[in-house]
């Protein structure tokens, strides 16, 4: 018999006892907040209004905030033009009057956003170029040199205003903004605040005795003391800025009277003392700005081209501020046709500024946009009420000079907070794009860095007389390039639009946030566009859409 072979199966392997499932690491990273197109913590949005007493007080607060830039521009330019303290007071009155008028035009017929229009530092270089051309000329008096210079500025403003009028009403600017995406909006809005850092702590340090206490007191009062009692919440959240200004202004007056700065340097005395502006003594009691108040405008081609560059820069700066204001007032991002309309209206405002004799053009006041976020109130009516204060104090000069004599370091401390809010608002737009995309990170980083670094190079290499690093044989060409590349928002638009649309633009449309962004750029792409941006008095129903 043959031997039998039995193939027995191997014994089954016992599975290890079941243990707890491996931890899901995603659960340990905290909650996830979904993108929110509108901020939920606003007390009043763009078309809701607080009570009239609250609205009037908030409007006065907007007037006080924009006053610092107005005084700083006049203080910088008027003495260089040959003007005295009386001329400076009248220039401030003209700037305030035009700011009030242009703000009304913008909130009624332009962007319809709660934005204050104030003097723009973008016009500083072309104005300094005009001043420099007349430095070596002989005039009967310094006042005559001031008058001749401001008449030349008038002519340049009038001609350059047509740049914005054309860009706006031809819809060229709106077609440019259609190329934007959230990846471009982030650095554009960020540098609208961060690009103004020189007007923050560097000016605070000019008089740290009052600037630093103002900054610390504002943060503590507005953010911490309001939590002590529910009754103080709304009062301090809305009006802490006015309270802090009153306290620190009184403190500065006490130091001035006590002689704390009697032996200080002249620059320190100008920044710290409350009696060195000489506005109260030199401002007229009543003066109504009127067309051609300084005389017939003077038109010179070499100066007009430089001012055209500033007009282009003011459009870029306003665009970044419009997006920030829309977010902080509870509105959707402004559509392309609204941006075109607003830039065109800004050009009309610049034309009026040339006619009325302003020394610079206007742009959206970034500090007032930050105030929307600080107070949680984005009401359009509040900003329109502030126009009443601007126009009133521009006519009754003594009253306006009283508030204009607030030391500039107090305003600089306020800017440290308000500019930071605008910059952080720009960061919030990144939620609508893919933040895990290396391509997006590259575009964001390159645009943000160059938008800060390039203007800093131009500012550092600009002489006190306005001559920048571009120094070719053509002065007008130098003024255009030096002005454009000294503006952080303008550089952000140039670099961001170019890189974002050429670096795998179509293949990464979803990562760039275009599905969210696209509907807002069409007139009827989102039902809320008409709610926020339609013109008053049912004008939309009577005008052809190509003019809206």
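Cβ atoms here come from the backbone N, Cα and C positions, even for glycine.
Small disclaimer: the values here were computed from a predicted structure and weren't measured.
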TrEMBL annotation (transmembrane segment) - matching range among 20-41, 240-261: 240-261
The transmembrane segment (203-220) in contact with the transmembrane segment (91-109), cutoff 8 A, at least 3 CB pairs, sep 6+: no
Result, the transmembrane segment (91-109) in contact with the transmembrane segment (382-404) (3+ CB pairs under 8 Å): yes
Which of 115-134, 179-198, 410-429 contacts the transmembrane segment (240-261) most, counting Cβ pairs under 8 Å: 410-429
Recorded stretch that, among 115-134, 146-167, 410-429, 441-460, 480-499, has the most CB pairs under 8 Å to the transmembrane segment (179-198): 410-429
